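Chemist: Here it is, the structure, as structure tokens.
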Amino acid sequence: MNKANLLHIDTNIKITLLAEVSVGISANSILFIAYLCMLLGENRHKPIDLYIAFLSLTQLMLLITMGLIAVDMFMPWGRWDSTTCQSLIYLHRFLRGLTLCATCLLNVLWTITLSSRNSCLAKFKHKYPHHISGAFLFLCVLYMSFSSHFLVSMTVTPNLTSENFMYVTQSCSLLPMSYSRTSMFSTPVAIRETFLISLMALSSGYMVALLWRHKKQAQHLRSTSLSSKASPEQRATRTILLLMSFFVVFYILDTVIFHSRMKFKDGSILYCFQIIVSHSYVTVSPFVFICTEKHIIKFLRSMCGRIANI
């Protein structure tokens, strides 16, 4: 991809990308602040709330980093040096991988939380809250090692056009790598993503079975003239299934666009589309939490009421 072409991409694409980043930053900030206030408040909170706060913070940092990269792609105010390129691209890749793993673990933890007492997962219910901090630390160390090659493969974009460099932004490019070296870095990533997607598929399948069982119970309750309102378990199950549906759709689109880019030498527009699609989930997911979690809605309403009374 020619570095000059990024500056001449259609204005609508630039606006879409920057708007997506801005909306995502705002939504994740609201979600993180809401959960942080609930965690620091006197009200009792669920152990999984801490993990949702961690996920929203990770997504917020990812979008902020992407915003800085997007500015250098379209509106370069000054060339970055090699250290800035390596640090920002490394941080972005690290946060992107960490977000994927955190989403997967949130799915698994939610499955454990909603499992019945007779389920084989019930024995983990009282164990996982005590291991969340350790899981955070393990994930950070793991994904720091996964992304470490960007510290040595990222360099300042040369002034002269070269087909051997892969342009990331106006200031940063990836150094050319041999096929064996590329495979050495890409294989662990492929294995990681395959494992995480499979784990999410299994937990989502369990969720579907759980939702079907609750639906049968609801039909029985209606037949006995009892309340037919959705239970907290049903609402939580629908929330996580909705999140996973968004994740799968955006992941498939991202994969299709990535392979399409590989077929074109000058895929600047596809490159921007891939960035938009790959960050769509982290932009949409906080809205799912905000709109479906009743305690978040109540908290935001109370905050708005306090602000209005000031």
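Keep in mind that glycine also has a Cβ here, set from the backbone N, Cα and C atoms.
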Chemist: Which residue in the list C85, C101, C104, C272 does Swiss-Prot annotate as forming a disulfide bond with C172?
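Modeler: If we follow Swiss-Prot, the cysteine bonded to C172 turns out to be C85.
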Chemist: Based on Swiss-Prot, are K46 and N309 on matching sides of the membrane?
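Modeler: Yes, Swiss-Prot places K46 and N309 on the same side of the membrane.
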Chemist: Can you name the far-off residues of the same chain, 6+ from the ends of the transmembrane segment (94-114), with a Cβ under 8 Å from a Cβ of it?
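Modeler: Result: 46, 48, 51-52, 54-55, 58-59, 61-62, 65, 121, 124-125, 128, 135, 139-140, 142-144, 146-147, 189, 192-193, 196-197, 199-200, 203-204, 206-207, 210, 233, 236-237, 240, 243-244, 247, 278, 281-282, 285.
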Chemist: Taking residues 6+ outside the transmembrane segment (239-259), which of them lie with a CB under 8 Å of any CB in it?
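Modeler: Long-range Cβ neighbours of the transmembrane segment (239-259): 103, 106-107, 110-111, 197, 200, 204, 207-208, 211, 270, 273-274, 277-278, 280-281, 284-285, 288-289, 292-293.
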Chemist: Give the number of CB atoms, excluding that of C85 (disulfide bond) itself, located within 10 Å of its CB.
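Modeler: Summing over all protein chains shown, C85 (disulfide bond) has 24 other Cβ atoms within 10 Å.
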Chemist: Return the count of C-beta atoms lying within 10 angstroms of the C-beta of C172 (disulfide bond), excluding that atom itself.
Modeler: 26
Chemist: Can you tell me whether DSSP puts C85 (disulfide bond) in helix, strand or coil?
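Modeler: For C85 (disulfide bond) - judged by DSSP and reduced to three states - the answer is helix.
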